[in-house]
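> The structure that follows is given in the form of structure tokens.
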Amino acid sequence: MLSIDKNPFAWHEGGNISGVTAALSLTTTNGSSIAVENLSENIKILLPRPVGEQVNTSFLDLGNFSTTIIEVASADSTLVLKMVPSNDPLPFKILLGYMDFPTETNNVAMTEMPHDGATQEERYTWLLDPNDLKGNTGVHYLVVRPIVGPGIKSINATLSITPISAACRFWDESNLDWSTNGCKVGVHSTHLVTECLCNHLTFFGSSFFVTPNLVDPSRTAELFATFAENPLVVCFVASLFGAYVLVVLWARRKDIKDTVKVKVTVLDDNDPMDEYRYLLSVSTGHRRGAATSSKVIITLMGSEGSSEPHHLTDSKKCVFERGAVDLFLLTTPFPLGDLQSIRLWHNNSGRHPAWYVGNVMLQDLQKEQKCHFLCNSWLTIDIGGCSLDQVFPVSTEVDLKRFSNLFFMKTSKDFSDGHLWYSVINRPPSSNFTCVQRVSCCFTLLLCTMLTSVIFYGIPTDPSEQTMDMGLFEFTWQQFMIGVQSSLIMFPVNILIVSIFRNTRPRETSCCKRKTEKPDAEQTFVSPSNTNNMSVNVTLDTVIMDIKRIAQSLSKTMKSNIPCTESEFGPAQQVDINAVLSTVEHFITMNDKASDTTQPELEYSPTMHPGSTLEGIQKKSNKNQYLYRQLCHIDKQLSQLGPSDFPDPHSYSRALQQVHGMKVFLEDQLFTSGFNNPEEPNQKKLSPEDSTDGDGNQKKRGCCNGGLPWWFIFVGWALMIASSFVSGYFTMLYGLKFGKERSASWLVSMIVSFFQSILVIQPLKVIFLAIFFALVIKKVDEEDFQNVAFERNYKNLGDCKEPLTVRRDNSLYVPPAAADIEKMKRYKIMEQKAFALLKEILTYMGFMWMLLLVAYGEKDPNAFFLKRHIRDSFSQGTKDSMSPGDVFTWANTLLLKNLFGVYPGFITDGNSKLVGNARLRQLRVQKNSCQIAGYMQQFVPDCHAPYSWDLEDMGSYDPGWNHLVKENVSRSTFSPWTYQTQTQLRAHPFWGKMVLYRGGGFVAEIGPDSQNASRTLEYLFRNTWLDAYTRAIFVEFTVYNANVNLFCIVTLLLETTAVGAFQFYSELQSVRLYQSTGGLHIFVLAAEIIYLLFILYYMFLQAKLMKQQRCAYLRSTWNLLELSIILLSWSTLAIYINRTLLGNRDITYYQNHKDQFANFYETASADSLLQYMIAFLVLLSTFKLWHLLRLNAKMNMLTAALQRAWSDVSGLLLVIVVMFVAYSISSNVIYGWKVSSYKTLTDALLTLISLQIGIFNYNEVLDNTPVLGGLLFGSCIVFMTFVVLNLLLSVIIVAFHQEQIYHKPSDEEEIVDLMLKKICSLFGIPYENTNETPGPDLNKADESTINNSKNILNNSSIDVNVF
């Protein structure tokens, strides 16, 4: 059973439901619903009616008046007439007419009473349903005619009639409307309860499938006609379509850029003679700053040797971007055997040299073997291991299946490719599922989600359904079915669209294109036999360099102990070609001997697999074939040169003999191994798809052999467009049908749930799935590079006369030296400090700007002028000393004149509104409060002491201070003769000129106009309210000036020290309690919020500093200053909140007690304290600028000089303090009783400080005591001004001079110079610095900064023929 006070279907305009809505359903023990309908006996349901409903009861005297008027308000309600006769039974006929008196023939309805029934209520209740009333609404006339016997003309009886309008409706879920079928109003309905008789229970029905909200598409025109009243959903869907078009344009541009990234870069520094190829895949991490602008070099290290260093670069695209995967093709002369490790380094150049290398995959294209290297390291000088050069070993199967690696790989892959929404931004460039298609799928999914959400939005829940409890989750069967139905509507079509887009192969794929263009592609790697056509200009130096290159490759791959360095051969101009050829011949002989000694072991080892022998023979044949082709190339070069190009003709003939001899030797070896044509390369695999398996059979794989046909892409787009438009169309129809309020509610809930799913639920799903795969499945996903194209960085293709060469920069291909790295580290540290310093300065400037905005935003400059105007108005012409009579005269004239101005409710000239009444408060002392000297007691009968808290009079009196109030007199009504405490008055103690006064007193309010105030003063004066015991009189009131939006709390004080004269003193405090609505207020509010963000930022920095320095943190003066600023800021915020709360409290009190005194003193005090706190904040924050000025060399020297002189300065400062105190006490004792400047010790101290700066009134001293005053103040000038202060200056000057001699420039000065240099270079301003900053030249950031002094193979550049 469910009872709801409000209509749950209020969005539906029909039904006119105003009472309680109830629901009742029956279920079995297992939770299934019991259908209750078409009962033979009605179910009685009592529904309470709205409280406070008006009831009109008419009383009819059936003897002489039998007509009444009834108002029928609704045409679909039942009219219930409740009648109570004076006599029972009382027979009568009742007639109802519409807009006219009814008759027997002309009426709407007619009946005779009483009806059949068990009770009087049943017999005298008449029910008229809408059919009986014939749909009429408005005035109806009711006529009652008694039924009497013959001869009786009248009866003595009365009848009361109470009309009630009621209706019983239930919610028809099939039609989504209120209905009355099967329900009617019962006779027991009253003005408090409606009785409904129904033959079914159908308020909330239940079935296997939940019936969704229904919408009629045929009402499209009708629904869109209400667009002006409810445009929310239509505009939202239309904006989604517009946003989709814009995002598709961006996605298309991204797809075009991604096409460049999927190609394999053939490295420029590959030797065209090298034919053993490796595919290198380098992934850059996703961390912040992972991309690099440096030049990256790699060296492969295997069991059979190491490769040459290769520069990983591509002139047509940016490599090593954040999260990117770059592919390179790297060649070597011979196979490197089993790969063991790779060596990566870079030259730390560019604007962002740091590089976070992720995973590296190396694939042997000949053997189809893959090696993985889990690097996951920083190559930089300031993060992690601070290294630019690292060696990474090959990862084992255990390393690859480690949880951290599997979890990271699975998570990154799912986010970049599997997750539909996140992959839009960071999809794999090699995927066939383009960014445009992903955006379109996201758009369709969003619209389908909106449709499924709107069709089930607001479906009433069945309270009878059992809740399924699954620990932390609870749900009902209806909720479960809504989820199932939503999934059946939304997911099949979206999964089909995504599957079509993801699995449809391109119309003409890259692999197919390469197969058709294979003859052109094969030109990328040409055999050495064809290179003679390109080598037009052959010289002896070129031949010698080629021979040296052969010797170097043999030295590396054969692991020979014979040195093969530049020091052995010498420069190219001095090298004997016959000696170099002899070295090559020696290597070939050693290779043959090594093969002969190891081959028998391989053949006769019983544990060796037969394939190992074949593999060894293949390795030897590969080397011999490579050498043979290289020697053929050398032979052709020598043939082109001839004897004339040699210094000695004998050397030429000998070189030919050596080359021919080595060729014959290698031919024998190759023919023995089964090679018929040694000059034909045996490696022709250009890409992975051309590779063969171990059995020699071509692998049948490729993009053209799998996936859907290319034309399926049109099917996917057709489904996407149809789904989007259908979903958007029906979503708009539902939004128009729901109405504005329900549409807004649905839209907000849908948006919140959508972002919750995208930002929370789906990322958690990806993470948990990754954890599951990493812990349970443990499968390593292999990257597939079957559909990538090979691209060469061609240069000077139009010039066919010159050979294409690559120049190797030796400094680039050699790892950086330790000394160079240390210089880079130092320069990087200085650069980081410079940027940190610049950040600190800019941040603090922003902090100071916000603080000053807050400080000046809290104080209005008009406050000064307002206070001066009010002070002058109430003190103009006031005497310095006034008697009690003068006080009354001042109050009756000047006070009342300005307090009640020309305009009622305003003071003075009518610009400031008087807030509440003004208040007079008197503080008195007790009688006989002091002792009289013994000899004077006979002359002075009474003594009245000055004011003090102990002697204050707190009694209650009758008017005139004559008699004490009796104890039984009530204190509930206060009079000017009754003392009130400061708690009762909502006041606080007040500092006067002489003493601190308590906040209580004897109070009289004056106002609200001048006449009443004058009568109050006259009453007080007549009854001697001011007498000899009065010590202070406060006049307190508050005004509000709307012109400047300021409250001014005015306190006028007249105080006396018991000498009989009152001294006038005024204190005015201004405060802004209503924030202005202009743009300045918003600006100041934004500044306050930003200031708090700055404080949080500095708190975070100080917390980190505390964690690092621990106890040493408190020993730093600047740290304490920073901590003080933070604590003071939060204290200021607390006071600001307190002032706001107090202001709201006082404003509320005034609004509720406008005829009383409104005390804003506490709010004004909080505001003053707030101003003081802000002032100290500005002081400390400005003082902190000294810490930033340390960066200036002069200021740094001055600070060091003060630190050097601090011990002497502190002693002199102590002497100055002692002398100031001594002279202050002396002058106060001598002149305090007759000169106002020395009346207190504080005034005397301030006067002597003024003397030191030349502000002094000599006449007031010399006129009283010329000799004593001259000696006192003359000695003060001599000792303090001429001696002590000059000593202080001398100490500081000497310390500064010593600091100039021994001052050592700090590192911060170099940092400042570097910072200024960078700023000037940013704006193109020349900057000259006498102090040379260590480190690389910034103007050559793109060049290599490494100058290595190691012995290297070639000092000169190596020209390598590319084609």
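Glycine is no exception: its Cβ is also placed from the backbone N, Cα and C atoms.
I grabbed these lines from TrEMBL:
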- 85-216: domain 'GAIN-B' (DOMAIN)
- 231-251: transmembrane segment (TRANSMEM)
- 276-393: domain 'PLAT' (DOMAIN)
- 439-459: transmembrane segment (TRANSMEM)
- 479-501: transmembrane segment (TRANSMEM)
- 594-616: region 'Disordered' (REGION)
- 674-699: region 'Disordered' (REGION)
- 708-730: transmembrane segment (TRANSMEM)
- 750-777: transmembrane segment (TRANSMEM)
- 834-856: transmembrane segment (TRANSMEM)
- 887-906: transmembrane segment (TRANSMEM)
- Cys930-Cys943: disulfide bond (DISULFID)
- 1044-1066: transmembrane segment (TRANSMEM)
- 1120-1137: transmembrane segment (TRANSMEM)
- 1169-1189: transmembrane segment (TRANSMEM)
- 1209-1231: transmembrane segment (TRANSMEM)
- 1271-1296: transmembrane segment (TRANSMEM)
> When you scan the chain for residues with a C-beta under 8 Å from the transmembrane segment (1169-1189), skipping those not six or more beyond its ends, what do you find?
840-841, 844, 847-848, 851-852, 854-855, 858-859, 1118, 1121-1122, 1124-1125, 1128-1129, 1131-1132, 1135-1136, 1139, 1195, 1199
> If we skip the immediate neighbours and take only residues 6+ beyond the ends of the transmembrane segment (834-856), which ones have a Cβ under 8 Å from one of its Cβ atoms?
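Cβ under 8 Å, 6 or more out: 1083-1084, 1087-1088, 1090-1091, 1094, 1097-1098, 1174-1175, 1177-1178, 1181-1182, 1184-1185, 1188, 1191, 1308, 1311-1312, 1314-1315, 1318-1319.
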> Mind checking how the domain 'GAIN-B' (85-216) divides into helix, strand and coil residues in DSSP?
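Tallying H, G and I as helix, E and B as strand, the rest coil: 8 helix, 50 strand, 74 coil.
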> Where DSSP helix means H, G or I and strand means E or B, what are the helix, strand and coil counts for the domain 'PLAT' (276-393)?
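Counting residues by DSSP class gives 0 helix, 65 strand, 53 coil.
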> Taking 10 A as the limit, how many CB atoms besides its own sit near the CB of Cys930 (disulfide bond)?
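A count of 13.
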> Going along the chain, which residues at least six beyond the ends of the transmembrane segment (231-251) come within the CB cut-off of under 8 Å?
224, 424, 434-436, 438-440, 443, 446-447, 450, 728, 731-732, 734-736, 738, 740, 743-744, 746-747
> Where else in the chain does the transmembrane segment (439-459) make close Cβ contacts, counting only residues six or more beyond its ends and a cut-off under 8 Å?
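Same-chain residues near the transmembrane segment (439-459) but 6 or more away: 11, 210-213, 237, 240, 244, 247-248, 251, 420-421, 424, 478, 482, 485-486, 489-490, 493-494, 497-498, 501, 717, 720, 723-724, 727-728, 730-731, 734-735, 738, 742, 746, 749-750, 753-754.
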> Let me spell it out: take the transmembrane segment (708-730), skip the flanking residues so only those 6+ beyond its ends count, and list any with a Cβ under 8 Å from a Cβ in it.
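That would be 215, 217, 237, 240-241, 437, 440-441, 443-444, 447-448, 450-451, 455, 493-494, 496-497, 500-501, 503-507.
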> Let me check the 10 A CB neighbour count of Cys943 (disulfide bond). How many other CB atoms are there?
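15, counting other Cβ atoms within 10 Å of Cys943 (disulfide bond).
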> Mean pLDDT across the domain 'GAIN-B' (85-216), rounded to an integer, is what?
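Its mean pLDDT is 80.
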